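J.: Before I ask anything, let me first share the structure, which is written out below as C-alpha cells.
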Amino acid sequence: MLISKHEERVKSILSARMENGNLRSRENTQVEFKQSFNKGNIAIYAKTMAAFSNNSGGYIIFGIKDSPRSIIGLQNSNFENIQQEDLTDSINNLFSPSINWELGSFILKEKEINSNGDVIIVQKIIGWIYTEESNIKPVIAQKNNSSEKIVNGDIFYRYRARTEKIKYAEMEQIINCRMKQERDSLFKVFEFIRNNGATNLGIVDYNNGKLSTPYGVDVVLEKNLIAKLLKKAKFIKEGSFSENEGIPVIKVTGNINLAEEVPVPLENLDETYPYIQKQLAEKLNITPQKLYALIWYFKMKESKKYHLEITTSKTNKTHKFSKFALLFLKEKIIELDENKNELNNIISKFNNRKK
C-alpha cells in the first residue's frame, strides 16, 4: 500500500522515543499534539490550522496524551467519521482565504507489557491533519467565536509550541513577502507578454473565475473548479518547443469530477438564472427576509454559479439566481431546520450587519 509523505512524516515524528517509551518529540512551530478528536472543538483546530497556514504549515496529530507525552491512540471513531466537506465549511466560515489541508490515519503497532509481564503487540490508531502554508497570507478570522476568543479580523501565527495573535515582526515579514510576490508575478506577466505578444494572450481572473480570450469570447468558471483543477491536475513536463530554447510543452492530466462544476453559459440568462429573489423565496417556501439573510450569510452573490447582477437601465439593476442556487439553499434549509438556533443567529447577524 502506498504511504503518503505526510504519513511518513508523522511516523517519523512519533519514532523518537525515550527509554520509557514516551515521546521525545515536543510540540513546535509545525507540530501540535491532541489526545482525541471532538467535533465540538472544530474552532480549536481551525485556529491552530490558521496559525500553521500563516507560518510554514504543520501537523495536528491525534491520539497523543500530554504529561507525559505518550501514544495512546484514538479511543473512538470520531476522527474516522469526519465529513471532510463539513469540516471544510466550518473552517472556511471562520477564516479566509481558504485553508488548504489534508487528513489521514494509520495503525501504529506498539509493544507493551501486560499485567502478566508478557510482551504483547497493541494496535493504536493515529489521526493527523496537515495544513499547507498559505500562498495568500495572512489568513484572517472572518467570524467571532467566543469559546476560542476568536474575533473577526484576528490573525494567528504559530510560535514554537503556541498559537498566538501575530506580532509586529511576523506581520511585517508577511507584508514584505506578499509585496515581493506581486512584483515577481508582474515581472513574469510582462516578460511573457514581451515574448509572446499581447494579441495571443488570455487571462484567468482567479477572484471571479473569468477567462478572457483574445477572440472576443469570455468564459466564466466557478472558482471552486479552478481550485480543484490546480490542486488535482498533474503537470508533466514532456518536452519543449525547441530542444535548446522556448517554454516547456506541458501536458495536463488528472481525474477531476465536474458534476457540479460545469461552467455557466451566459447566452440564455432567463434559462440559466430563472429566479428573481421573490420567486426564489416562493420556491423555497420561506419569507423574503429569511432568504436575504441566507444569501448574505453564504456569500452567494459573490459566485456566478449562483447569482448574476443584470443592468436593466442606467439606474436599475436586477438580481437573478440560478438553479444551482435553488438546490444549494434547499440543502442548507434542511440542515438549518435541525438547528433552529443557528438559523436565528444567521438572521440576527444579517439584521445587525450595518449597526
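Cβ coordinates come from backbone N, Cα and C, glycine included.
In case it helps, Swiss-Prot gives these features for our protein:
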| type | residues | note |
| --- | --- | --- |
| BINDING | G58, Y59, I60, I61, F62, G63, I64, K65 | ATP binding site |
J.: Measure from the Cβ of G63 (ATP binding site) and count the other Cβ atoms within 10 Å, all protein chains considered.
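T.: A 10 Å sphere around the Cβ of G63 (ATP binding site) contains 23 other Cβ atoms.
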J.: Look up Y59 (ATP binding site) in the DSSP assignment and reduce it to helix, strand or coil.
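T.: Where Y59 (ATP binding site) sits, the three-state DSSP reduction gives strand.
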J.: Judged by the number of other CB atoms within 10 angstroms, which among F62, K65 is the least packed of the binding-site residues?
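T.: So among F62, K65, the binding-site residues given, the one with the fewest Cβ atoms within 10 Å is K65.
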J.: Have a look around I64 (ATP binding site) and count the other CB atoms within 10 A of its CB, chains all included.
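T.: By my count, 24.
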J.: Long-range same-chain neighbours of I60 (ATP binding site), Cβ under 8 Å, sequence gap at least 6?
T.: E32, F33, K34, Y45, T48, M49, W128, I129, T131
J.: Could you tell me which three-state DSSP class I64 (ATP binding site) falls into?
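T.: Reduced to three states, the DSSP call for I64 (ATP binding site) is strand.
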J.: Who sits close to I61 (ATP binding site): which same-chain residues at least 6 apart have their Cβ under 8 Å from its Cβ?
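T.: When sequence neighbours closer than 6 are ignored, I61 (ATP binding site) has V10, I13, L14, V31, E32, F33, K34, I126, G127, W128 within Cβ distance under 8 Å.
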